[in-house]
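Colleague: The following feature annotations were taken from Swiss-Prot:
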BINDING   20-27, 81-85, 135-138  GTP binding site
DOMAIN    11-226  domain 'tr-type G'
REGION    20-27  region 'G1'
REGION    45-49  region 'G2'
REGION    81-84  region 'G3'
REGION    135-138  region 'G4'
Amino acid sequence: MATATEIRKDLRTPIVCVMGHVDHGKTSLLDRIRGTAVVDKEAGAITQHIGATEVPLQTIQTLCKGMIGGNIVVPGLLFIDTPGHHAFTNLRSRGGALADLAVLVVDINEGFQPQTVEAIKILKQFKTPFVIAANKIDRIHGWTAKNNSPFLQTFNSQPDHVKGIIETKTYELVGRMSDLGFSSDRYDRIRDFTRNIGIIPISARTGEGIPDLLMILIGLAQRFLEESLKFQVTGPGVGTILEVKEERGLGYTIDTIIYDGEIRVGDTIVIGGREKPYSTKVRALLKPKPNREIRVEERFDRVNKVTAASGVKILAPELEKAMAGSQVRVTKESNVEDIIKEIEQEMEQAKIVTDEVGVMVKADTLGSLEAIVNELREAKIPIGRADVGDISKRDIINAETVNDPMYRVMLGFNVTILPDANDYLQTTDIKIFNSDVIYHLIDDFRKWETEQRALAEKKKFAEIVRPGKVKYLPNCTFRQSKPAVIGLQIMGGMLKPGVTLIKPDGSKIGVVRQIQERNENISIATVGKEVAVSIDGPTAGRQINEGEIYFVDVPEGHSKVLEFQLKDTIKQDELETLMEFLAIKRKDNPFWGR
């Protein structure tokens, strides 16, 4: 199908964000599209840094093999590769997400995973149109690969049982999408893409289905984004910082996506800094060659100007103060103060509202901080402080001011623990969790919290006087007094040395000194046991008599904890004994222990 290409000069390249669960094939998909091999350089084949790849229309037309019909007006696609998917929240322009479209990569064999669901929630939050690339169709048993073929062409040549598996796996994805509130189907069965999410089965390894994916993305951009892609061709550039990094021979640089206007060498720019916004001057602009991802440091072109939408590396003084996720805005010298005020207001709006008591959160960028705070809020984990930057000694000192041991905790997302903080950490009980995957952070914290609560409960239990009901056994008076030694049967709860015993009328008997079973001292006697007990205070035959029932005298504060905090954790016989004991105490004072 022949394609007319009258690229509109007032439309910028649509920005496409690639998201998905770890190892589901995000980077492999981009590699297949651009024909480079960044994956091989990545630790564990997982994307570690944010990148951007400009894929010109000519490349897309070659890959699509004439599938795209009609007049193409967009100049290509700019793909952003996000580590995990949380950097997506970093890539935002004022008032919404920076990405115009998103590709959610899902392993068709594994289906939705925790990060897949997190990604969909974020896309929904930012109202970003997206498609699903159901990757790894080549892993389906019996699949015969046809490299770089359109999906329907390769699908129709497969055996019937393989087609059946693809259909089943696709409808499993449709079902999961329905659970999350989205209508979806395989892309070739959709007539209205405004109401349905397209699922495109692909293989990043063989290239199958990728022509269909590019065709759908170009179609969506043409049909639904034309208005939002209009930009000021010569207006002052506006962009978002993807990453701040120090390059050998260049010093500090900022990898930036320019999404409006243009930026030139020599321009004054205002940048959102870690402390506050500030201005600097562009010394150089490095533009990746088309099809080359911005992370691959070799062979950049030095250019005089860059027009939206584009990934560019900016060289300028004082970039070490810049903060990833914040804005870059080109301005005249005379307007610098006004723009600084505008960015300050935006940063103020982005500040996190914290709880009175909670964990401390540190993240590498504003967007990351927002992402982790959203997840913590959903997990109902209170946040005491939230800030951008590495973990310092001052942060640990601040965490030490928290009294609740459950919240003397710091959660670090994509940050490092500074050396002075590491040294100080050895002298304190502050707990730090650090990860670059949000759900790992939350899982690790939850696991630790459960363990700590169990330990605290155990400790609380160990310190609390527990209820007990005992019977003075007939013919079991071994010594009458100083101390009285008698035989007792534990009828409910437990008996430990050191507790005071009372009668059902509330009168005190004395203090249990020792408990013996078969002539051996024991530290606890539980329900059903018959033991010899020495008691300081009473004389057998006078204050105490065989056949009588006695109760452990539980202090009022302890009984409150048992009745109102630990009620669900104690055994039935102990609970019944507690209730009998409370009835004795409340006979004269109904509010005792309440």
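Don't overthink the numbers, they just go from 1 along the chain as shown.
Cβ coordinates come from backbone N, Cα and C, glycine included.
Since the structure is predicted, the reported quantities are computational estimates derived from the model, not experimental observations.
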Colleague: With a Cβ cut-off under 8 Å, give me the same-chain residues at least six positions beyond the ends of the region 'G4' (135-138) that come close to it.
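Modeller: Same-chain contacts beyond the flanks: 24-25, 28-29, 105-109, 145, 166, 201-206, 208-209.
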Colleague: Please identify, from the binding-site residues Gly20, Asp23, Lys26, Ile137, the residue with the sparsest Cβ neighbourhood, meaning fewest other Cβ atoms within 10 angstroms.
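Modeller: Result for the binding-site residues Gly20, Asp23, Lys26, Ile137: minimum number of other Cβ atoms within 10 Å at Asp23.
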Colleague: Per DSSP, Gly20 (GTP binding site) is which: helix, strand or coil?
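Modeller: The residue in question, Gly20 (GTP binding site), is strand (DSSP, three-state).
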Colleague: Give the mean pLDDT for the region 'G4' (135-138) on the 0 to 100 scale.
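Modeller: That region's mean pLDDT is 96.
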Colleague: With DSSP helix as H/G/I and strand as E/B, how many residues of the region 'G4' (135-138) fall in helix, strand and coil?
Modeller: 2 helix, 1 strand, 1 coil
